[in-house]
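Enquirer: Straight from Swiss-Prot, here's the annotation block:
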type	residues	note
BINDING	G8, R9, A10, G11, T12, G13, K14, S15	ATP binding site
BINDING	C841, C1176, C1179, C1185	[4Fe-4S] cluster binding site
DOMAIN	1-326	domain 'UvrD-like helicase ATP-binding'
DOMAIN	283-584	domain 'UvrD-like helicase C-terminal'
Amino acid sequence: MSLRFILGRAGTGKSRACLDEIAQELKGSPQGPPLLFLVPEQATFQTERALATMPGLGGTIRAQVFSFRRLAYRVLQEVGGSARIPIGDLGKRMILRNLLEKHKDELRLFHRSAGQPGFADALAGALSELKLYNIDATSLDRCQTEVIERQGAGLLADKLHDLALLYGALKTFLEGKYTDPDDYLHLLAQRIPGSVMLRDAEVWVDGFAGFTPQELSVLAALMSACRRVNVALCLDPTELDEPCDLDDPFFRTRETQAKLLQLAFDRGIVIEKALHLVPAPGQSAPRFQHPELQHLESFYFRRPAPPWLGGTQSLFVCAAANRRSEVEGAAREIIRLCRDQGYRWRDVAVLLRDLESYYDSIESVFSDFGIPLFIDSKRPAPHHPLVELIRSALEAVLRDWAYEPVFRYLKTDLVPLSRGETDRLENYVLAHGIRGRRWRDREPWLFRRRLTLGEDALSEFSDQELAELAEINGARDRARAALASFHKAVVGAKAVRPITAALYQLLVDLKAPEQISCWIAEAEAAGRIEEAHAHRQVWAAVIDLFDQIVESLGETPLDLATYAVVMEAGLDSLKLSLIPPELDQVFVGSLDRSRCPGIRAAFVLGVSEGVLPARPKDDGIFDDKERERIYALTGLELAPGSRRRLFDEEYHIYVALTRASERCYLSYPLADAEGRAQLPSSVIARVRELFPQVTERTWLLEPGSLPTGAGLSGSAFAGAATAETAAMAQTALAARTTKEAAMSAVERELAEEYIVHPARSLSYLIPSLREALARRPVPLVWWAVYSWLAERPAWRELLARVLSGLWHKNREQDLPKPVSRRLFGDPLRASVSRIERFLACPFSHFISHGLRLKERRIFRLAAPDLGEFFHAALKQFGERLRRDRLDWGALPREELFRLTGEVVSDLAPQLQNEILLSTARHRYLTGRLQQTLSRAVIVLGEHARRGQFRPLALEVGFGPEELLPPVQVPLTGGRWMDLVGRIDRIDGFFVGDASWLRVIDYKSNRANLKLADIAHGLKLQLLAYLDVALRHGNRLLQGCALGEDRPSSLSAATACHPGGMLYFGICDPLLSTGGPLTRDEAERAILKEAKMCGHVLADPAVVAAMDGQTRQGYSPLIPVGLKKEGGFYSASSVLTMEQFALLRQYLQSIVARVGEAILDGLVSIRPHRRDDRLACSFCPYKSVCQFDLLLQDNDYRLLIDDPPEKIWEKIAAGPKAIFEGVIR
């Protein structure tokens, strides 16, 4: 029984010496006593591989590789102690959460923090630390007593009391049934003397810089039980007799050697002569193939140190703009090494101190470059379908089958629905607001959306509707079956075990195990071994999570909401530990845990200030001062504090600088992910000090500008087709003499650095091709890249797609006239809003009315729904007044409120499948709608009281099978266009045998109408409605029901004149005043806010018929101001009879031109821009047209608001000048 050290600095061959000695033993006696190689957990696979590939060994069972944890499993299986149920980290946290609640009255300090997120994690970490350092509850009690005796009660004493209490409670809970994995090494140390396997065994220990007290106990037991224990440590054997300071990189290993020597001395273990691995004078260590790297290893931590004279060929310092360019630069250099220097992927390692920040960039960039890699890091699995299924199933039950969790559940591909069925089901659910009971009951869904409010419900479904409903209900039954059973099982459950059992039954009902097995088989068949392994691990981890929850909380009373929180924490903690799927791949690891022996080139990324060396975090139960006080007062040793961990960073730096045998790259980004400037680490400064002429590089994301040299002019390239361009480039290259075509040194350097992978080279090629399109010269190297890609079938298609993007013009070709007429109909039938849409952008009109694309319907109360509701309500209100022969202006307020209440009660259930009755919020909104409607009818009543205009018709339709015929607009070639629509309200005023008509359009918010709006074609509705009313005025007058107000002089010959065209905003305005108002003042202010907008006839008599109480000043009802001496203020919105006539002619011209353009197939992408208002702002088809100002053919059609005089001139000239950009 003896102890022997194998000592040497980095690269001297310590690991190789261990392997060689094991190999020698195996060759000498293949059947002898066991040979154990003890290494860190993360190094077991690499060490097993190294041992298995030792030349001349073949298969053996005598030599085995173990980590401390794996050795514990093996020994406990042999001598007993492994039968108890292990409790993992999650189980321990849940147990501690229960113990905190159970003992909260006894806790002195922790009761305040017990419910805080993360506290149970911190507490579990503290107890694990105590176990690793062999401190039990009794020791904590003694420590607390000594602290109180020597410095009195306080925060530290209370911490120690609570920790001792919870430590003891945890031990009592686990005793006799469960095993804490943190106790495995303690049990191992106790069981080693009884192990037959370890008798006469020889042990090699390698890869450790230090050991916890638990691990030291195991090593002490091994020294007593085994024939010999060999421990390899990284330190300088020539400096063993010299003092070692805390900032020495070998301080930790020197300290570790001292502890092992003391353990051996205390147990009477023979200490053999150490094996010192020291290079001969003037020679490099076996690892380092270049003296520069040996110089770096020898002198980095020595001061003063001789600088390296001359440049470097194996040491490089690289600066990058950001992390992405840093990773891409490393990827390009790795490919260059493998392409030009004979490296294999496995000869390269990428090392980082902060792997998490670089993880996503490395994974995506290396994949783009085609570099196989293995990232030595446990990966979270929060987005795996199985994890998402569990999370969303619990959330669906808790949120009463709300849309979001239900469809996250259905989209996991673990539910027996195809993706198409899921999409159709989702559309139906969104359109009808289905949730809760409607999902769970067995009644079939027969919802359908009404087209307009107030229509009678259709009694029968069409055959197509029945088929669609049958498909929807079939998909719904399969979607709900398993989840409904789960819901029924867990709703009444009050303990952990039945809820977990129901969750497992849900997976069984869905046949999740079988589906995951299929995914594994598919992945393996496609060669995606890593993906298959991930599926296996996730399933195993989820089942283990269920076991942990049941074992730790079992019959603990827990409601479903709390259970979901516990399960969420467990799912978030799932990590995937992946074994390298290939032998030849780049290794990516972190400096503090990964081992990567035998590499030729190391890329150390992220060598930035604050990252390497890393800033220690002090986030445990004990801070640094408390750790020092505990040690000073009681002698109990805890884990190193942040100050000591900061010095340990020096060892990580030493490891990083000495991993590679041939090349070491140190790189740093100049900015972080948010664009903030970052400084290089002190490591960079020290390397520059030690190597004044170190080779420095800059890694750019894309190649910078180059001299064009013998580059091919882009003028010939511009506008050419793909095949023509290929021939052109080939001809140009072949035609040049050798001297002319030779690449410059700069270009060749560029080619060597950036042209390393076809896909990435193609992305770098694109900017150069853009330069060619702009008729600027392009460096010859990019034409060479172009030719290489064009000559190879594997890349030719991708190149063609890229080039098609360069020539892409986002410009739609007009439709052939026969196609357009079949698509839009001939004769064309169009509403005024359709005309306005075309004038806003022809392509938007094509999508909405040609292809008839519609946005997905969603069960919510949007602005159009409110508009529809108010239109229907005012129509119904007006019809009731007409039916009961009531005068709008004479009704008292109480009667108005009663009538609006009845109207709202009648219409509310009809809006979107009772949306206004669906929730308390919507029921409250119904009351607000009634209040707004009441305010509107009060204002309209004021119009009736103060004026003489009376409603002639409400909701008047014009078109086929409507009250009024469509407006037939003649087009060229004998064609015509039918203009159709619906007018909210037409009012009339009569004097003798003449009448004046005005049209009113209801808006759910305030709207304005400027002359420029009409001129630009943006707001034509009011003008078109007035034109229709005037065309059919006599028919309206004959059919109206004015009752006693109907003048006897009305006849078919009555002349109809334009009275006005007005918007009425339906709103309940919120007043902003400087002080309190009386009731009358408030009413006047509200009336002013609800003033109609638009244009009225410039006739005082007509104005008086609209507001007879305003003799001078501005009317509170209409947009008119009267001067005292007569006439109108300039701000009045009035038009003369001639101007109304001119606008009507202008309207006819616009409609005719638009009709011609539609039937001629005009579908151009030409949105307008008016000041800062864009046609695209509220267009639902932006993703379809892909309008982009960066594209040459995409630009806005600018609309400029001219002064009124100039607008009238243009209106008189017709629409040609104004709509030149839209209509040909």
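Here the Cβ of each residue, glycine as well, is placed from N, Cα and C on the backbone.
Give me the structural setting of these features: burial, nearby parts and distances.
Expert: Applying an 8 A CB threshold to same-chain residues 6+ apart, the list for R9 (ATP binding site) reads C234, L235, D236, L277, A285, E297, T658.
Packing around C1185 ([4Fe-4S] cluster binding site) is summarised by its Cβ count: 19 other Cβ atoms lie within 10 angstroms of its Cβ, all protein chains included.
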Enquirer: Output, ordered by sequence, the same-chain residues six or more apart from T12 (ATP binding site) with a CB under 8 Å from its CB, or 'none'.
Expert: L277, V278, P279, A285, P286, R287
Enquirer: Given the binding-site residues C841, C1176, C1179, C1185, which one's Cα is the least distant from that of A10 (ATP binding site)?
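Expert: Closest candidate to A10 (ATP binding site), judged by Cα separation, is C1185.
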Enquirer: Across the domain 'UvrD-like helicase ATP-binding' (1-326), what does the pLDDT come to on average, as a whole number?
Expert: 88
Enquirer: Applying the rule Cβ within 8 Å of the centroid of the Cβ atoms of G8, R9, A10, G11, T12, G13, K14, S15, what extra residues of the same chain belong around the ATP site?
Expert: C234, L277, A285, P286, R287
Enquirer: Using DSSP and collapsing to three states, where does C1185 ([4Fe-4S] cluster binding site) fall: helix, strand or coil?
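Expert: C1185 ([4Fe-4S] cluster binding site) sits in a helix per DSSP.
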Enquirer: If you count other C-beta atoms within 10 angstroms, which of the binding-site residues A10, C841, C1176 is the most crowded?
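Expert: The residue with the most neighbouring Cβ atoms within 10 Å is C841.
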Enquirer: Based on Cα distances to G13 (ATP binding site), point out the closest of the binding-site residues C841, C1176, C1179, C1185.
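Expert: Going through C841, C1176, C1179, C1185 one by one, the closest to G13 (ATP binding site) is C1185.
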Enquirer: Can you tell which of G8, G11, G13 has the least company, meaning the fewest other C-beta atoms within 10 angstroms of its C-beta, among these binding-site residues?
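Expert: Output over binding-site residues G8, G11, G13: least Cβ neighbours within 10 Å is G13.
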Enquirer: At the level of the C-alpha atoms, what whole-angstrom distance separates G8 (ATP binding site) and C1179 ([4Fe-4S] cluster binding site)?
Expert: 72
Enquirer: Return one of helix, strand or coil for G8 (ATP binding site), based on DSSP.
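Expert: Where G8 (ATP binding site) sits, the three-state DSSP reduction gives strand.
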Enquirer: So of all those binding-site residues, G11, K14, S15, which one's Cα sits nearest to C841 ([4Fe-4S] cluster binding site)?
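Expert: Closest candidate to C841 ([4Fe-4S] cluster binding site), judged by Cα separation, is G11.
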Enquirer: Compared by Cα position, which of the binding-site residues C1176, C1179, C1185 is the closest one to G11 (ATP binding site)?
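Expert: If we rank C1176, C1179, C1185 by Cα distance to G11 (ATP binding site), first place goes to C1185.
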Enquirer: Restricting the comparison to the binding-site residues C1176, C1179, C1185, which residue's C-alpha is spatially nearest the C-alpha of K14 (ATP binding site)?
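Expert: Answer for the nearest of the binding-site residues: C1185.
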